[in-house]
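Asks: Below you will find the structure I want to go over with you.
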């Protein structure tokens, strides 16, 4: 656990050093709503335990929020950004955020923003997925070894994905932009140069981009987003492509919403298998495989594939940087009473 503690300190110090996060604080609700974070965590943990895919959905929801207008909960407003091409029919987890908001409002009225709830939920979803996958492993070992093993979340955290310190104090926007969502969110067809430029525009470097792409170690994608890759691209493992075609017909409009795991090796575990998959041409999306295709990011992929701790550290650091994109603070914005609409 010493490594985890040092990582948390390193990430916190790095985050507080950035100008964008100077107005945010890890202790923002310690006095005004001391049980806010534990309340959010309980809601997220229950949701992920009920449906493991929800962990990836909450993480993606936070990403899609921060890349449009900054981390201001604009993606939670009904319509607008939700109707943008990258979001329509694919964003999930709104009910979990709404549940967390209701629970938090019950103990601290008009205090905790939807933007902060979303940022905390993204972190807690990674932790919840990590613990759940570890518990499954322990139960499997118990069955194989024929003896009782107790699922201890502290032990699980040594094996699962990273945690990080979420800086708090964001306020909620009163506007959202479908046009910005269409232009600022990288599509699954993105090439490497486009990805690098897209993330650079948000103040995130190439290592941040490759690390954040590792969120695809969990979650699923729709057939319409990987159809062209499995039928028309050559830098794909043939057996992998064949296995996907059975559930994703060639004809557009047929089975568009059918799902496949972004990481077919360990789909419900937050680990570094995503990168080993790329090295064997088993990236599901075009935008995944371009990270390992003879380009400038190949060495970073190799590093993360061979060193899980390096990936965990880079992912945690990048999540802190991303969560501090353009926050509304002070008297800006508002504290929404309902995350789906302005007050």
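All residue numbers here begin at 1 and follow the chain in the order shown.
Just so it is clear, glycine is given a Cβ too, placed from its N, Cα and C backbone atoms.
Dumping what TrEMBL says about this protein:
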{"type": "SIGNAL", "residues": "1-22", "note": "signal peptide"}
{"type": "DOMAIN", "residues": "23-343", "note": "domain 'Plant heme peroxidase family profile'"}
{"type": "DISULFID", "residues": "33-108", "note": "disulfide bond"}
{"type": "SITE", "residues": "60", "note": "site 'Transition state stabilizer'"}
{"type": "ACT_SITE", "residues": "64", "note": "active site, proton acceptor"}
{"type": "BINDING", "residues": "65, 68, 70, 72, 74, 81", "note": "Ca(2+) 1 binding site"}
{"type": "DISULFID", "residues": "66-71", "note": "disulfide bond"}
{"type": "DISULFID", "residues": "114-339", "note": "disulfide bond"}
{"type": "BINDING", "residues": "186", "note": "substrate binding site"}
{"type": "BINDING", "residues": "216", "note": "heme b binding site"}
{"type": "BINDING", "residues": "217, 263, 266, 271", "note": "Ca(2+) 2 binding site"}
{"type": "DISULFID", "residues": "223-248", "note": "disulfide bond"}
Asks: Among the binding-site residues 65, 72, 81, 263, 271, which residue has the fewest other Cβ atoms within 10 Å of its own Cβ?
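Replies: Result for the binding-site residues 65, 72, 81, 263, 271: minimum number of other Cβ atoms within 10 Å at 271.
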Asks: What are the sequence-distant neighbours of residue 248 (disulfide bond), meaning same chain, six or more residues apart, C-beta distance under 8 angstroms?
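Replies: Counting only residues 6 or more apart in sequence, the Cβ neighbours of residue 248 (disulfide bond) under 8 Å are 223, 226, 227, 230, 255, 258, 260.
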Asks: Return the count of C-beta atoms lying within 10 angstroms of the C-beta of residue 108 (disulfide bond), excluding that atom itself.
Replies: 15
Asks: Select the closest residue to the residue listed as 'heme b binding site' from the following recorded positions, measuring between CA atoms: 64, 65, 81.
Replies: 64
Asks: Radius 10 Å, atoms counted are CB only; among the binding-site residues 70, 186, which position scores highest?
Replies: 70
Asks: Any idea which of the disulfide-bonded residues 33, 66, 114, 339 has the thinnest Cβ neighbourhood at 10 Å?
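Replies: It is 33 that, of the disulfide-bonded residues 33, 66, 114, 339, has the fewest other Cβ atoms within 10 Å.
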Asks: What is the total of other Cβ atoms whose distance to the Cβ of residue 266 (Ca(2+) 2 binding site) is within 10 Å?
Replies: 17
Asks: Return only the integer: C-alpha distance in Å from residue 65 (Ca(2+) 1 binding site) to residue 114 (disulfide bond).
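Replies: With distance taken Cα to Cα, residue 114 (disulfide bond) is 11 Å from residue 65 (Ca(2+) 1 binding site).
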Asks: Just the number: how many Å between the Cα atoms of residue 263 (Ca(2+) 2 binding site) and residue 339 (disulfide bond)?
Replies: 31
Asks: For Ca(2+) 1, what surrounds 65, 68, 70, 72, 74, 81 with a Cβ no more than 8 Å from their Cβ centroid?
Replies: 64, 66, 67, 69, 71, 73, 75, 173, 176, 177
